[in-house]
Amino acid sequence: MVWSWVAMASRWGPLVGLAPRCLWLLGAVLLMDASARPANHSSTRERAANREENEILPPDHLNGVKLEMDGHLNRGFHQEVFLGKDLGGFEEDVEPRRSRRKLMVIFSKVDVNTDRKISAKEMQRWIMEKTAEHFQEAMEESKTHFRAVDPDGDGHVSWDEYKVKFLASKGHSEKEVADAIRLNEELKVDEETQEVLENLKDRWYQADSPPADLLLTEEEFLSFLHPEHSRGMLRFMVKEIVRDLGEAGSSLAGAPGPGDQRQGPGIAGKSGKVLREPQPGCGLIRSRLTDQDGDKQLSLPEFVSLPVGTVENQQGQDIDDNWVKDRKKEFEELIDSNHDGIVTAEELESYMDPMNEYNALNEAKQMIAVADENQNHHLEPEEVLKYSEFFTGSKLVDYARSVHEEF
């Protein structure tokens with residue numbers, strides 16, 4: 001028996017000694033393969049380019065503003081004006097008790113007179129405070145973005161400086177673009193990029209306060225990125241949203257006001273068709289609202305209209321029905337202030353103004369009405385917790401029991 005084990009050992013011995021050498025060789029081959037394979041930096045470069053583009057492009061979504069740039073209702077509006085800087089802090093995977101406690105802390109801050117009820121006036125004050133937080137956040141971001149497009153640090157950004165940075169974010173060589181602009185040579189860009197550039201330039205003109213010099217200060221650049229910060233740019237934003245895609249001259253904004261008499265490129269859409277789903281960044285190209293009869297005001301059918309023949313199934317029909325229902329409610333209860341069935345430029349501008357105190361009071365009443373189960377025109381802790389999804393975007397379970405826990 002002993003001799004048999006010795007014989008086996010003598011036969012397997014060379015192979016056992018070979019194992020470490022094989023493993024070493026395999027590791028070396030894998031390392032060489034990894035080294036020879038070209039590193040995939042394209043996704044990294046793409047993410048960096050997208051980040052740069054997003055930083056210098058006016059955003060399609062503005063926190064605390066009722067409409068998106070494409071004319072959609074802002075679905076997150078109520079959470080934005082209720083949570084302010086805490087927006088995004090109530091994800092559903094967060095520990096529920098901690099989220100409920102955080103919500104009750106907010107409740108106590110809104111409830112100024114500590115009667116454990118939130119009145120419309122208290123909610124109005126809170127909405128204005130949270131909107132101011134979004135304004136401050138936008139100002140801080142704009143300062144950072146301004147420095148990115150003001151390479152010489154002279155406190156002014158020219159249209160050409162901005163154009164170079166924008167095209168560089170789209171993948172063009174910054175040096176080649178700068179040289180072409182300096183030599184007044186034609187730039188070769190695709191049709192969509194050209195259309196975005198034309199819209200941006202028109203917006204640049206509008207943000208350039210008189211006397212017009214095509215140079216934006218830091219304050220003007222803020223208005224360029226965030227039109228809600230400027231009365232004139234808010235008016236321009238309304239015009240962009242309701243402009244008829246097929247008719248560049250059909251807009252709800254009416255005649256240009258002082259300082260708007262500048263000649264900029266036209267911004268006509270390629271067709272009058274209203275598209276169902278905009279592509280990313282298309283707030284600068286397409287509009288969702290259309291003044292279909294060109295009378296420079298919006299009727300209810302115009303505000304709720306959707307393209308005919310685009311519903312493919314029952315789910316799509318349900319989406320359309322919800323679209324019409326939501327927009328009809330918004331039109332009748334909030335936008336059409338004199339209830340004559342017509343929305344004028346002034347009414348829409350007032351509705352879009354995030355710092356309008358009258359609007360904030362109306363919104364406060366609307367928000368209370370959603371959760372006011374006992375119909376006392378106030379919000380109580382149980383109601384806020386039960387309707388937590390409306391206020392925070394997250395559904396917090398066991399709301400009734402948690403009231404006693406948190407208080």
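A Cβ is built for glycine as well, from the same backbone N, Cα and C atoms used for every other residue.
On a predicted model such as this, the values are computed, not experimentally measured, just so you know.
The feature N-linked glycosylation site is assigned by Swiss-Prot to Asn40, with sequence analysis given as support.
Other Cβ atoms within 10 Å of the Cβ of Ser99 (phosphoserine) number 21 in total over all chains. The phosphoserine annotation in Swiss-Prot covers Ser99 and is backed by similarity to another entry.
What Swiss-Prot lists as domain 'EF-hand 2' is 137-172. Outside the domain 'EF-hand 2' (137-172) by six or more residues, the chain places 49, 52-53, 55-57, 62-63, 85, 178, 181, 187, 189, 193, 197, 200-201, 204, 214-218, 221-222, 225-226, 229 with a CB less than 8 A from a CB of the stretch.
A C-beta separation below 8 Å, combined with a sequence spacing of at least six in one chain, links Asp152 (Ca(2+) 2 binding site) to none of the other residues. Sequence annotations record features per position, and here Swiss-Prot assigns Ca(2+) 2 binding site to Asp150, Asp152, Asp154, His156, Glu161 based on sequence analysis.
Within 10 Å of the C-beta atom of Thr193 (phosphothreonine) sit 16 other C-beta atoms, taking all shown protein chains into account. The phosphothreonine feature in Swiss-Prot is assigned to Thr193 (among others).
Secondary structure at Thr217 (phosphothreonine), as computed by DSSP, is coil. Listed in sequence order, the residues of the same chain lying 6 or more apart from Thr217 (phosphothreonine) and placing their CB within less than 8 Å of its CB are Gly155, His156. Annotation source Swiss-Prot lists phosphothreonine at Thr217 (among others), citing similarity to another entry.
Taken from Swiss-Prot, the feature compositional bias 'Low complexity' applies to 249-259.
Residues or ranges marked as region 'Disordered' by Swiss-Prot: 249-282.
Feature annotation from Swiss-Prot assigns phosphothreonine to Thr310 (among others); the stated evidence is similarity to another entry.
Taken together, the residues in the domain 'EF-hand 4' (323-358) have a mean pLDDT of 90 on the 0 to 100 scale. What Swiss-Prot records for 323-358 is domain 'EF-hand 4', and it gives sequence analysis as the kind of evidence.
Look at Swiss-Prot and you will find Asp336, Asn338, Asp340, Glu347 tagged as Ca(2+) 4 binding site. Listed in sequence order, Ile335, Asp336, Ser337, Asn338 are the same-chain residues at least 6 apart in sequence whose CB falls under 8 Å from the CB of Glu347 (Ca(2+) 4 binding site).
DSSP assigns Thr344 (phosphothreonine) to coil, not to a helix or a strand. According to Swiss-Prot, the feature phosphothreonine maps to Thr344 (among others), an assignment based on similarity to another entry.
Other Cβ atoms within 10 Å of the Cβ of Asp372 (Ca(2+) 5 binding site) number 17 in total over all chains. For the recorded site, Asp372 (Ca(2+) 5 binding site), the DSSP three-state label reads coil. The Ca(2+) 5 binding site annotation in Swiss-Prot covers Asp372, Asn374, Asn376, His378, Glu383 and rests on sequence analysis.
Neighbouring residues of the recorded Ca(2+) 4 site, listed in sequence order and excluding Asp336, Asn338, Asp340, Glu347, comprise Ile335, Ser337, His339, Gly341, Ile342, Val343, Thr344 (Cβ within 8 Å of the Cβ centroid). Within 8 Å of the centroid defined by the CB atoms of Asp372, Asn374, Asn376, His378, Glu383, the record's Ca(2+) 5 site, lie the Cβ atoms of Lys117, Ile368, Ala371, Glu373, Gln375, His377, Leu379, Glu380, excluding the listed residues themselves.
Non-local neighbours of the domain 'EF-hand 4' (323-358) in the same chain are 62, 64-67, 73, 124, 128, 131-132, 134-135, 228, 234-235, 237-239, 241-242, 252-254, 296-300, 303-304, 306, 366; each lies 6+ residues outside the stretch with a CB under 8 Å from one of its CB atoms. According to DSSP, Glu161 (Ca(2+) 2 binding site) sits within a helical segment. When Cα-Cα distances from Asn374 (Ca(2+) 5 binding site) are compared across the recorded positions Asp154, Thr193, Asp340, the shortest belongs to Asp340.
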